[in-house]
């Protein structure tokens, strides 16, 4: 019989092997917050294990081995993290990044290794969307490959993606955002504590109206927050999840990735998120379709909006403003975090050109040519009647006397006429 210690080691090894694949249920909170978070900006601290798929993406400085929180991310499985593409606008080298899993508290600028149950990992590969537009933040989505694979456990677990047939999320869902970003717009550095906030999904037509974002939002975005502001994501929350569920007890589904906004918690300037459902095929093409087996069942209600079109025309400036938090102050400090007071307004929409006039109708076919006139009646071919013998004899006598004759209006020489006349038979006078 094996000693108890050996059996315990075997059991732990089997559990660790199963957890290392992160094949368990997705979207489940290991510890619910009984108070329910209401804010990130000025908000409520999340308890450890409340959002086990949350990842802190940290800039690493080799000269002093320090790490600085910059963006959030979502754990999909033991090998991949989903985040925002704009986090890597200025930091694309894999050795510049570290990932911390299972954290509730983080220390900005620390050089200390993490302690269990937290896990620190390297970035093996950065995969940004091939049509990401840093000017408009279109297709603001990216994937990070984890090395070595991270094991799931009590405070680390995968997030759910929506079903490919579910379409856009319904507005009636309960949604949360979470992150270590700024707790107010002009904060000097990110929050050391994971914050959470409950937000409402806002209709895209309202969010795109003139007094709000004035046409900047595309069909591949989600708009979440409150019309009056006050509760919002902020700098340092980029790449983190917008998580929703329809009913109590159901798993949370990552419906969006924190992308951009104007300021933080401003009225009529809610947070803008990259919707995940339009990019499921792209994610599967990069990490394998098997990695999406944890997607929630399809929503019975058919989608209410069409799939996204492609891109907004580029503007003169980036739209800001949940860019990642300012990095280490030396040697390459990031710009001051205070955003521009308003996003660049896109040029006024021009009226569509009038449709070209219809082509003129084809001309009517020419009338058929008139029928040819009937041919004149053929000239009579009746031979002239022969002159009587007495008449011919009289004409001969006149010729012999030197006379001439006329036929109609045409003058005829009598000598030639006599030569052309019908030969007169010889007359013999009886003696």
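Positions of Cβ are set from backbone N, Cα and C atoms, glycine also.
Annotation source Swiss-Prot lists active site, charge relay system at 86, 140, 238. What Swiss-Prot lists as compositional bias 'Basic residues' is 331-341. The compositional bias 'Pro residues' annotation in Swiss-Prot covers 342-381. Annotation source Swiss-Prot lists disulfide bond at 71-87, 175-244, 207-223, 234-264. As annotated by Swiss-Prot, domain 'Peptidase S1' applies to 40-288, with the evidence given as sequence analysis. According to Swiss-Prot, the region 'Disordered' annotation covers 295-385.
Structure coloured by features recorded in Swiss-Prot.
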residue: 71; record: disulfide bond; Cβ neighbours (10 Å): 32
residue: 86; record: active site, charge relay system; Cβ neighbours (10 Å): 27
residue: 87; record: disulfide bond; Cβ neighbours (10 Å): 26
residue: 140; record: active site, charge relay system; Cβ neighbours (10 Å): 29
residue: 207; record: disulfide bond; Cβ neighbours (10 Å): 22
residue: 223; record: disulfide bond; Cβ neighbours (10 Å): 23
residue: 234; record: disulfide bond; Cβ neighbours (10 Å): 32
residue: 238; record: active site, charge relay system; Cβ neighbours (10 Å): 30
residue: 244; record: disulfide bond; Cβ neighbours (10 Å): 24
residue: 264; record: disulfide bond; Cβ neighbours (10 Å): 29
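DSSP assigns residue 86 (active site, charge relay system) to a helix.
Across the structure, residue 234 (disulfide bond) and residue 207 (disulfide bond) are spaced 18 Å apart at their Cα atoms. Cα separation, residue 87 (disulfide bond) to residue 207 (disulfide bond), rounded: 24 Å. In the three-state DSSP reading, residue 71 (disulfide bond) counts as strand.
Residues within less than 8 Å, Cβ to Cβ, of residue 175 (disulfide bond) and separated from it by at least 6 positions along the same chain comprise 169, 198, 199, 200, 201, 224, 242, 243, 244, 255. Closest to residue 264 (disulfide bond) in space, going by CA atoms and restricting to the active-site residues 86, 140, 238, is 238. Reduced to three states, the DSSP call for residue 207 (disulfide bond) is helix. Using Cα positions, the member of the recorded positions 71, 86, 207 nearest to residue 140 (active site, charge relay system) is identified as 86. Cα of residue 207 (disulfide bond) to Cα of residue 238 (active site, charge relay system): a distance of 19 Å. With residue 71 (disulfide bond) as the anchor, the candidate recorded positions are 86, 223, 238, and the one with the nearest CA is 238.
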